[in-house]
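Q: Shown below is the structure under consideration.
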Amino acid sequence: MPLCFCPRVPTTLLLLLLYTTYLLLGAGVFWALESGNEASTTQSLQELLRGQNFTCMDNQTLRRFIQGIIEAYKHGITIDKNTTRMGKWKFEGSFFFSVTAITTIGYGNLSPDTVSGRIFCIFFALFGIPLNLILLNRIGQWMLSWVHRCSNLLGRKLHQQRMAKVLTSSCALLTGLLLFLLLPPLMFTSMEGWTYDEAVYFAFITLSTIGFGDYVIGMNPSIVYPSWYRNVVALWILFGMAWLALIINLCISLCESPSNTCQGCQKKTSKEVEQELMDITENGNLQPVLQNSEDSASSSSTEAKSEHSDG
């Protein structure tokens, strides 16, 4: 029995459940390992910035002040002595860090500070990255199977399979562009205060896993972010990357089609030649040709023997 190209949906859902559970467990561990260190570091930095008089500073004091500002920024402390609303190692922040770790986006604004957190991050990514690739490939194949179904249905109606395949692939491309690259930036402009071109830039840099880190969601301390915000963005990242995998599979499929078509033409030509030979045989036209070939071969053999005897 041939293997089915399309994976079963329950298997995909089970894999998605395993993936989500893995992220939740990772977020919980990062939260437990890093939140205590973040709280103590934040308190010490706040005391440093609040307890010093920086009205008149020498070079050494200025360096210490600048270093304090840099460390404060790394730990989410702003000028008004407040921390970012999303928190660096609250559960929402830890979950988002887990997503960016195993998807290899890695904005760079979040990183473990403790030894135990760094060691756990190594093993978390070691097993999480393959799991992420498997899930993305499975979702991409599931999407591709639906594209193929639509293509076959349209091809039967149009009686042009090649044209139907191009139309459905173009539709999948345009739909994905709309859902993952054009509409989500509208949410980012509303939530982050970015311009639309900045939001589109962030969307592409994120889904392509480049992750420069110059634009990161949830980092403006003056904005009160809803609790669902980063979770929705995490889902957008997952399905957006799966859509990119779908587009890659479609491109590979379209590139392989011409060669398959040529092979089909070659097979068809061979069948036509075979059919023509059968027709010739049935009509009795092939026998004289074979007889002439046998006579020519016999004549050549006789001449060769005659030359040998003369020699």
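Just so it is clear, glycine is given a Cβ too, placed from its N, Cα and C backbone atoms.
Annotations for this protein, taken from TrEMBL, read as follows:
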TRANSMEM  12-33  transmembrane segment
DOMAIN    80-143  domain 'Potassium channel'
CARBOHYD  Asn82  N-linked glycosylation site
TRANSMEM  91-110  transmembrane segment
TRANSMEM  116-136  transmembrane segment
TRANSMEM  166-187  transmembrane segment
DOMAIN    178-254  domain 'Potassium channel'
TRANSMEM  199-217  transmembrane segment
TRANSMEM  229-250  transmembrane segment
COMPBIAS  282-292  compositional bias 'Polar residues'
REGION    282-311  region 'Disordered'
COMPBIAS  293-303  compositional bias 'Low complexity'
Q: For the transmembrane segment (229-250), could you work out the same-chain residues 6 or more beyond its ends whose Cβ comes under 8 Å from its Cβ atoms?
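A: Answer is 23, 86, 92-93, 95-96, 99, 103, 105, 135-137, 139-141, 143-144, 147, 169, 172-173, 176, 179-181, 184, 191, 203, 206-209, 217-218.
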Q: Pairs 6 or more apart in sequence, C-beta under 8 angstroms, 3 or more of them: is that satisfied by the transmembrane segment (91-110) and the transmembrane segment (199-217)?
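A: Yes, these stretches are in contact.
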Q: In the same chain, which residue numbers or ranges, 6 or more beyond the ends of the transmembrane segment (116-136), come under 8 angstroms Cβ to Cβ?
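A: Tertiary neighbours of the transmembrane segment (116-136) are 15-16, 18-19, 22-23, 26, 29-30, 33-34, 37, 98, 101-104, 238, 241-242, 245.
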Q: On the 0 to 100 scale, where does the mean pLDDT of the domain 'Potassium channel' (80-143) fall?
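A: Value for the domain 'Potassium channel' (80-143), mean pLDDT as a whole number: 86.
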Q: What are the DSSP helix, strand and coil residue counts for the domain 'Potassium channel' (178-254)?
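A: Within the domain 'Potassium channel' (178-254) the tally stands at 52 helix, 0 strand, 25 coil.
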